[in-house]
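Peer 1: What TrEMBL shows for this protein is this:
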| type | residues | note |
| --- | --- | --- |
| ACT_SITE | HIS38 | active site, proton donor |
| MOTIF | 38-41 | motif 'HXTX 1' |
| ACT_SITE | HIS117 | active site, proton acceptor |
| MOTIF | 117-120 | motif 'HXTX 2' |
Amino acid sequence: MRLFIGLELTESIKENLAHYIAKLPQGRKGWENPHDFHLTLLFIGETSEENVISILDRMKDVSFKPFSIQIGPIKFFNRRVMYLSILPSEELLLLQKEVEELFPEYVDPHGKSFIPHITVKRWQRYEYDELAEGLRLHPLEPIPLDVNTISLFKSEKDQDNRKYHVIGRQI
């Protein structure tokens, strides 16, 4: 079972983003389903079902006061992944750090620093220019997201894409 700890988006934000994305050049496949949009705090990876109860139990130790973040403009990783950026938030960075400290065995010691984002599309390099032009024509205004819960997600492969299911929450 492939797991990660992250933040859910509200249905209204997912719908808002789906309408926005529909305005962009669609190109080839590779779009994430807006229903599956999320923000990953810590990737756990493959683990046994027996570990799920332990992970959910340890998630109860995460302590934070509700806060709000802003979903910002679309950006790119290496011209191959399009994502919604998150405007700088000290509260979000502190929450992510606390999650890492509670689950040190899942932290990649050679991993890159945390870049909060919501993946929108993965594609081949040649689609970049068309998408970048679409983004220029349709800028995205910041969208507020209230953070008051962290969730444990299960990731499953479904044909070409992954599907994400919440299997537990910590408020």
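Glycine residues also receive a Cβ, built from the backbone N, Cα and C atoms like all the rest.
Surface or core, plus neighbours and distances: that's what I need for these features.
Peer 2: Secondary structure at HIS38 (active site, proton donor), taken from DSSP and collapsed to helix, strand or coil, is strand.
A simple way to gauge crowding: the CB of HIS117 (active site, proton acceptor) has 19 other CB atoms within 10 angstroms, across all the protein chains here.
Beyond the motif 'HXTX 2' (117-120), the same-chain residues lying 6 or more positions past its ends with a Cβ under 8 Å from any Cβ of the stretch are 9, 17, 21, 31-32, 37-39, 71, 74-75, 81-86.
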Peer 1: Should HIS117 (active site, proton acceptor) be counted as helix, strand, or coil on the basis of DSSP?
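Peer 2: The residue in question, HIS117 (active site, proton acceptor), is strand (DSSP, three-state).
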